[in-house]
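Noted in TrEMBL for the protein shown:
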- 2-416: domain 'Major facilitator superfamily (MFS) profile' (DOMAIN)
- 38-58: transmembrane segment (TRANSMEM)
- 70-87: transmembrane segment (TRANSMEM)
- 93-117: transmembrane segment (TRANSMEM)
- 129-148: transmembrane segment (TRANSMEM)
- 160-183: transmembrane segment (TRANSMEM)
- 289-307: transmembrane segment (TRANSMEM)
- 313-339: transmembrane segment (TRANSMEM)
- 360-381: transmembrane segment (TRANSMEM)
Amino acid sequence: MLILQLCCVAAIEGMDMGLLPAVNLALQQDLGLRLTDLSWMTLAQAVAQALLAPLWGVLADRKVLRRKTLLSLGALIQGLCTVLLAFTKGFSLMLLLRILNGAALASLKPLCVGLVADTTAETLRGRQYGYLELCVKLGMMAAALIGTPMSRQQILGLHGWQVAFLLIGSFSLFTAFLIQVFMREARREKSWSSGGRAGCAGAKEEMQKLGGYFRKPTFLCLVGQGLFGAIPWNAFGYSTMYFQVNGLSDAAAAGLSTLAHLSNATGHLLGGFIGDAMAKRCPLHGRPFTANFSVSCGIPCAIFIFLSTHQSFTYYAIFLVILGLGATWCAVGVNWPILSEIVEPQSRSGIMAWESAMEGAVAACLGNALVGLLAQVVFGFNLAKEVQGKAQNAEALGKALALTSVLPWTLCNLEH
């Protein structure tokens, strides 16, 4: 029952990740936002998420509040922000709401991963993490299916993108209620830490604990791999727009995004099982080999997808499926299971939060945000030339996506 509830929480994160890319083009056309404006919103949310993730992890590890309460609070705030965004049309206020949204989302992944680690045997964690990431991708798929086709339509007097925000925000609010009422979590004695320190002394203790993580070579290796490995997946938020400016219809672009998310979901689940099997067969090298193979699958796929413009639906679909099935194993089959083992059980939410914070901040700056800047400033993307310069826009966005995926994955593979 617990894993099902955590999967609902994971779906919230996926829906939020997929929502803005799904309505990206509609926001530019209806609100006059530029591509760089949307990049700044994505960057601001990701930085807020990165900065606040350690705080949520510390609150959980030090037992200030029960983890179910923290999860419910995070989902509640995220849902309210998403609903308010549906009625916000100014860039400044949208930016503020995205920052608050990121601060709330920061609670979800570290707490879910920590709860799974506390309730699952080491050799079974990969598959449980796979279920969580399966639901993240299903959430992204739902956002693409809901958001993209309706984004430029009129529904009951509202823009379609507004309806999409309302629907997904309502799901988050409903999930917050379900978690608070129905989740069963073993009670833990309330304390500030094992040493009983709070305030500045408690903060100093947390910094010392973080310093201890950095003295672990395994942690450094996983963080380094994660920093580079997460950049392409963050950048792929522009893939829906890439398919649209390549001349595909909104429905076709939504179909490709849905297919990509479904393949990614299956790949994460597959990666969890493969990581567990490799760890049993070769305890010292099984999971690292899994990471090497997975990253190597992504590089050629990214080249064929983003450097070949104006191809058919079938062409893009084939490479998206290969990418999703093969390049998604690292987090669930390698990183999270290993991180769960290198610290004591009471520190698992914290180490996941720190890893998520560093990975998220770098991926946001060098992934989604950098794609917008490269496409518009370096390669000449201009939505005002959507009709006359459609080929130029497709090539510009494709080059930006290829650069922000192939290079980081190549560096990531060298670290293994």
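Note that Cβ sites are derived from N, Cα and C of the backbone, with glycine treated the same way.
Sequence-distant contacts of the transmembrane segment (38-58), counting only residues of its own chain at least 6 positions beyond either end whose CB sits under 8 Å from a CB of the stretch, comprise 20, 24, 27-28, 70, 74, 91, 94-95, 98-103, 105-107, 109-111, 114, 206, 234, 237, 349-354, 356-361, 363-365, 368-369, 371-373. Stretch with the most C-beta contacts under 8 angstroms to the transmembrane segment (160-183), considering only 70-87, 93-117, 313-339, 360-381: 70-87. Among residues of the same chain six or more beyond the transmembrane segment (360-381), those with a C-beta under 8 A of the stretch's C-beta atoms are 34-36, 38-40, 42-43, 45-47, 49-51, 53, 227, 230-235, 237-238, 392-393, 395-397, 399-401, 403-404, 408. Mean model confidence of the domain 'Major facilitator superfamily (MFS) profile' (2-416) amounts to 85 (pLDDT, 0 to 100 scale).
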